[in-house]
Amino acid sequence: MPSDTSANLYDLTRPALGALLSGWGFGPYHRDQLWTALYRRHATTFDELDGLKPELLRMLREHTRLGQLATHHESFSSDGFTHKLLLRLDDGQTIETVLMRFKGRATVCISTQAGCAMGCVFCATGQMGLSRHLTPGEIVGQILHVNRILRASGETLRNVVLMGMGEPLHNYEHTMSAVDVLVDALGLAMGPRFITLSTVGVVPGIRRLADEERPIHLAVSLHGATDAERAALVPAGRRWPLDELMDACRYYSEKRKRRIFFEWTLISGRNDTAEHAHTLGQLLRGMDAHVNVIPLNPTVGYDGGPSRPESVRAFQDVLATYDVPSTVRQRRGIDIDAGCGQLKATVERRSRRSLPTSA
């Protein structure tokens, strides 16, 4: 039996797996055979790793494990298009994964940390603080978990968005190892253009991502177009002011030849006026940028509310005068706490209420 400290095979990229097997005397053929079993055949137990050499299988059983995520709680939206999962990790931590079904395609929103250190005031995860980084296997494991759900109904996954719990660029190494697994041609073989990473604006991470050969999409959570307004909503803005952030974004766009998506959560009376839109338009004018406008998902602990539809339209109209395109992101799963961190917070509140009180 492998120990609790044995290597989780899902934490390894294909080169790392090759290095492990090479130390045992097995070559690239055996590496790729095992890799295909994990990511193409979706093996979940060692018994399902049939076809491997008996000696290799024995070494795997003794020295590695197949880490699995377990469903702790799940909710389904009333329209049937959103499936939110609270997944339990080996140490008891829980993370959120959201499966969203659109016409002819499925998208999954995955987490990169248990909790988050960025502290965005309107985000339920930001109110929790950071517990720990996820390992590459825990990040990829969310995709594998969702793939099993989709396969049962004959569906396939098309898009992955790293917009769940946590800041991906705060867990850079593990997140990028997971991305490398997702795009590996012999594994899940996802196209990089179907993967989007969302960041609050970790400037060193944006610049590093620009310098590396991972042509995924980048989305930046902006929410304010002046330093003061942004820092009031996104405390990380105090560490990386807008001039530094926008310089990094321009560097990324020019280096990678890719459009950057900017996320703007519209909060009634806070950042949804024509004046706010003009300031944002001036900030982004001339960039290859697209704004995703997101009416706020109400969150316990934050008293802000979503903008009215007419305010959303007026905001977009102003952006258009600066030739800045925008899209209103459809809110999904409002009835099942599908906003980041909301399901975890709800389940934990219910658990606390159900605990017996001491005499």
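Heads up, the Cβ atoms here are built off N, Cα and C, so glycines get one too.
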- Cross-ref Swiss-Prot: S-adenosyl-L-methionine site GLY166, GLU167, SER221, LEU222, HIS223, ASN297; candidate in list SER198, SER253, SER268, SER326 matching that site is SER198
- Quick one: of the binding-site residues CYS120, GLY166, ASN297, which has its CA closest to the CA of GLU96 (active site, proton acceptor)? GLY166
- Message: I want to check the contact list for HIS223 (S-adenosyl-L-methionine binding site): same chain, sequence separation of six or more, C-beta distance under 8 angstroms. What comes out?
- Response: CYS120, ARG230, LEU233, VAL234, GLU263, TRP264, THR265, ASN271
- Task: Name the one residue among CYS109, CYS116, CYS123 whose Cα is closest in three-dimensional space to that of SER198 (S-adenosyl-L-methionine binding site); these are the recorded positions.
- Result: CYS109
- Find the longest CA to CA distance in the recorded S-adenosyl-L-methionine-binding set GLY166, GLU167, SER198, SER221, LEU222, HIS223, ASN297; express it in Å as a whole number. 19
- Task: Using C-alpha positions only, work out which of the recorded positions CYS109, GLU167, SER221, LEU222, ASN297 is nearest to CYS116 ([4Fe-4S] cluster binding site).
- Result: GLU167
- Task: Quick one: of the binding-site residues CYS123, GLY166, LEU222, ASN297, which has its CA closest to the CA of CYS109 (disulfide bond)?
- Result: GLY166
- Given the binding-site residues CYS123, LEU222, which one is most crowded in terms of C-beta atoms within 10 angstroms? LEU222
